[in-house]
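Here's the structure, in structure tokens; my notes come after.
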């Protein structure tokens, strides 16, 4: 995987704000939210179109958090209050008032709202009554960010400290020190905490020992935001200088610098195959990082990394090698917080047959017979995934014909794409192409710009005059198996040409798999 192919510009979200953007988040439903100095929150769809503006704050909106379970957005700002928003109707729900300073951090965990403020305190709130139920005190200066991870609260402050708090007692259980200027942003994954600081560095911390693991240098100005991909392979950092730097988390090596923004980058958020960056230049930028999610790319890359593989002992004491980033990439958010030791413990009481059957599904998507699939589901359940989550993850990372055929049999999940027939004189004449809605949503980063007017059971395809129904069906089939299938009696030259035109016309993100498939078909046709 070359650096030029990684983290490429997709689109700019602009025209929604009149002042600097502080923060961005994306809901599980694929709605992008940006908050700004202009006191507004803008909701966008994934094509970059503005949906609506949420008005309620009276000054800068500094932080946001999406409660995906209840489809509620929480926002906080310089007006010292927190507002909750109903994302079904995009309307204001409640206000939480009590902080005496700017509110820089907000999160929800187990039905409780948490906040961090310039008044040097963190607070826990009853979501229904809007009353404070606990206060966390100890910082000696402004609190700039908070996160909840593994049932602990972490806060970053201008006192140069990061504090870990017991959610039940409010007690400070650990203090992380090492930054020479104030700490601005936090991100945690597995057993690692990342902190971004005005000292121009990012540090990683071991959450078991509290020790600093690594310092990431290279920025020429204050680092304002930090996040990692789901495999904890890549570290993304945004700076006051407008630069985004991507690091290898293990080696600390700088992989790439992104320089499309014109002013400071204060927010980063990863959704599926996309990285979103929020800037004081009043725009969001979406970057395609999808190639790190392709099985073949990740598998090849992980071979070079020592931490990418570890051995587990089966019940027969047989050692079996597991590629951990590949496992986490396939299973995603559901296991991102599990440590290697926790994963090893799950496998330690499985037979080698059960483990290999499970890994066959992980690496190749083959679910096997009924007994073998039961073995796989048993392990998935112990890892914390239910069957539906497992299948959805399989579609997102390396779809195979075996799994897609099995899941497509559920008629209730079928969806229809209405395509304007370019050969018909009647402008209202449509051809119907069946497609699985869940697959379409999960593969949306590659295909979403093809479609408009999404409805409950059908959608219209964006002007299809440049591509025939046959070619569109070929492209849709790529949804299911990452492979282009062309019938023997098809006009291969026409389909190849139309697919290439469709990729350009619809603005698709032609990842390495789609590119290689087109090249393979071209070569077969030449042969």
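Placed from the backbone N, Cα and C atoms, the Cβ positions cover glycine too.
What TrEMBL says about this protein:
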{"type": "DOMAIN", "residues": "413-488", "note": "domain 'BTB'"}
{"type": "REPEAT", "residues": "54-95", "note": "repeat 'WD'"}
{"type": "REPEAT", "residues": "96-135", "note": "repeat 'WD'"}
{"type": "REPEAT", "residues": "136-175", "note": "repeat 'WD'"}
{"type": "REPEAT", "residues": "176-215", "note": "repeat 'WD'"}
{"type": "REPEAT", "residues": "216-257", "note": "repeat 'WD'"}
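In the predicted model, the repeat 'WD' (54-95) has a mean pLDDT of 96. Beyond the ends of the repeat 'WD' (96-135), by six or more residues, the same chain brings 60, 62-65, 67, 74-78, 80-84, 141-148, 151, 153, 155-157, 165, 167, 170 to within a C-beta distance below 8 angstroms of the stretch. Distant neighbours of the repeat 'WD' (176-215): 141-142, 144-147, 149-150, 154-164, 221-228, 230, 232, 235, 237, 239, 247, 249, 252, 336-339; these residues of the same chain sit at least 6 beyond its ends, with a Cβ under 8 Å from one of its Cβ atoms.
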